[in-house]
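For reference, the structure is listed below as structure tokens.
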Amino acid sequence: MVNFGKKLMADQVEEWKGYYINYKLMKKMLKQYVQQTQLGGKDREQVLKEFSRILDEQIERIVLFLLQQQGHLANRIEELGEQRAALLEQHDISQVFQLREAYREVGRDLIKLLRFVDMNATGIRKILKKFDKRFGYRFTDYYVTTRANHPYSQLQQVFKQVGIVAVVGALSRNLAYLQDHEGSVLSIYDHPSVTLKDPIIDQVNHAVQKLTHATSFLQFLGQHALIIQEDVQSGSEDLVDDQSYHFMSLILNLVNTFLYMVNTYIIVPTADDYAVSLGAAATVCGVIIGSMAVAQVFSSVYFSAWSNRSYFRPLVFSSIMLFAGNLLYALAYDLNSLTVLLIGRLLCGLGSARAVNRRYISDCVPLKIRLQASAGFVSASALGMACGPALAGLLQTRFKIYSLTFDQSTLPGWVMCIAWLVYLLWLWISFKEPGHFAKSSDTAQPAESGHQVNANLEEGLAQPLLTGSEEGQDQNAEDNDDNEEESKNSHGPATSISSAYKLLTPSVKVQLLIYFMLKYAMEILLSESSVITTYYFNWSTSAVAIFLAILGCTVLPVNAIVGSYITNLFEDRQILVASEIMVLIGIIMSFRYTPHYSVPQYVLSALITFVFAEVLEGVNLSLLSRVMSSRLARGTYNGGLLSTEAGTLARVVADATITAAGYLGPDLLLNITLLPPLVICIASLVATFCTYNTLY
């Protein structure tokens, strides 16, 4: 990947050259300050003040130029508006086309200005991170706190561009008035549902969204998948060839995601009854549910590595393992063996191909629909989470065929066996391997067919993200200076767990802790629900299934509200803190304080915990995708794998907690299992406040 120094020089507008952040100067100043502090020439307080002053001057120059350019664009739009008013009275169609092209020219200049701001905002972030890294001092915290919250903040002008958005609105409105719509003119304010079909406006909106992190429901939902985008310019060419994209293969990945989530949650309402029928305690349901997560800890790594070579074979292997695992799960009752049941669940966990599903979307889906695919991944997961318990509630019957028993405990296994067998056949017939895998397969096995496409994705991904002309000696010196900190290898993906861990900044670690906490709290709530509700309220399996299905059905509506409205009113970090506090309140409400534990208390506390954990997950992954290194966008040890491992470990620990607490008796189970998530939630809140300003 091209480093930022080269990228800045290659992409800057020549006539605006003197107004960009002087990235080279800032890096040299950092180097000098490091040497001076090591020699004892300056103390850190002096360095902090001097560097702050220099950065203030850089930002002031950027902001004043930005305001000047906004004024020029506003004047041009005003002049064109006067022409538009005159032309609409004359009804001269030819002049209308010329005027529309003039507006589009303003749009092109606006895109240049948006990229100017984006490049400078990126430069400021990188310089702040470099300072923290070089000095081991949280300069970002100090600088953001003192500058961003000041009433005369210039930093806000760079990161919160109200003026630019106003220019975008004026441009969109005027182009809409000129758009022919059944013989009348349009107003974007009177007809907000009408889409303005103009490529310039599409490009402008894309640039604004990239710059401001503006969020729609689709974007918010897509960020749940944590499919990290590499740091490319908004106008960059998509490296995934449209011809190499195969829609049915994407659908098969999403169906795999859906079925796996159904497979995970379909046993939750009946796991305690199954354990009792095999002679174990009801709380062994924690081990039964958690054994799948234990295996997933390991399967996520080897599936992620396997996806470097193929997507088809891992999905086939996944289907076979899940078929075999569910078969053993279903047969365990007639074999009267808890061991067989646990082996079956372990095999199901070893078939978890979610890392492959994420990787396929990241690497093999064109950029223009990758957001929709990511949202589809999350929607499939949410739908599976809701359908699993609901399906279990429908399987309340009992009959025998020969010596095989079919009841509420074994039917989930039999149903999923059939589902995975059908999926395997569909996969074998319809899946097409991406081009670079198919070509290598052709070389080794010419007879193999049915899994090919034409584009060479591997070569495309290997190309530099930005290219430019050869730079002069000064630029080479700057690049060499970059390489003192970041070797050529440092631009590639992480190649080991240790190298991935080194890329985790304090902000990323805190977000992973929050992710661990919310998954822990949700797993405790879901996995022990059948035991708790049976002990305190004498609920039937159907009642538990309905309750869990209702919880699962809240996922998409909650994300719709947060993604469409809440994130447009508040910053992500503000929603993060508020959600953590609400999860904490939900956990505190869940404790049994009196001998009588009521249904309203349990249901209300469960809803608060689950709903706000869902809100927290979306915002957490949104922030995580923003603060995580772009080096974790690809490769085996990618950001999606790290988040999956954190969440899976949380589930393992939570399920183990339920089983261990079960030995103390059902009366103490609820309060004992709620103590760890309470402590972790408080710790994550403290950690969030400590890194709050780095989430800017």
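Every residue, even glycine, has its Cβ placed from backbone N, Cα and C.
Since this is a predicted model, take the numbers as computed values, not measurements.
Marked as compositional bias 'Acidic residues' by Swiss-Prot: 471-485. Here Swiss-Prot flags 2-145 as domain 'SPX', drawing on sequence analysis. Among the features that Swiss-Prot reports, region 'Disordered' is placed at 470-494. The transmembrane segment annotation in Swiss-Prot covers 247-267, 278-298, 315-335, 338-357, 375-395, 411-431, 512-532, 543-563, 575-595, 603-623, 669-689 and is backed by sequence analysis.
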**Report entry** Intrachain neighbours beyond the transmembrane segment (315-335), with Cβ under 8 angstroms and 6 or more residues off its ends
**Finding:** 252-253, 256, 259-260, 263, 267, 274, 277-278, 303, 341, 343-353, 356, 403-405, 407, 409-414, 416-417, 420-421, 423-424, 427-428, 431
Query - Proximity verdict for the transmembrane segment (669-689) and the transmembrane segment (543-563), three or more C-beta pairs under 8 Å - result: no
Query raised in the report: What is the pLDDT of the domain 'SPX' (2-145) when averaged and given as a whole number?
Result: 82
Query raised in the report: the transmembrane segment (575-595) vs the transmembrane segment (512-532): three or more C-beta pairs under 8 Å (separation of 6 or more)?
Result: yes
Query - Annotated stretches the transmembrane segment (411-431) and the transmembrane segment (247-267) touching (3 or more Cβ pairs under 8 Å) - result: yes
Query raised in the report: Given the transmembrane segment (543-563), which of the listed stretches 247-267, 278-298, 338-357, 375-395, 512-532 has the most Cβ pairs that are under 8 Å apart from it?
Result: 375-395
Query raised in the report: What are the helix, strand and coil residue counts for the domain 'SPX' (2-145) according to DSSP?
Result: 128 helix, 0 strand, 16 coil
**Report entry** Leading contact stretch, 247-267, 375-395, 512-532 vs the transmembrane segment (338-357) - CB distance under 8 Å
**Finding:** 247-267
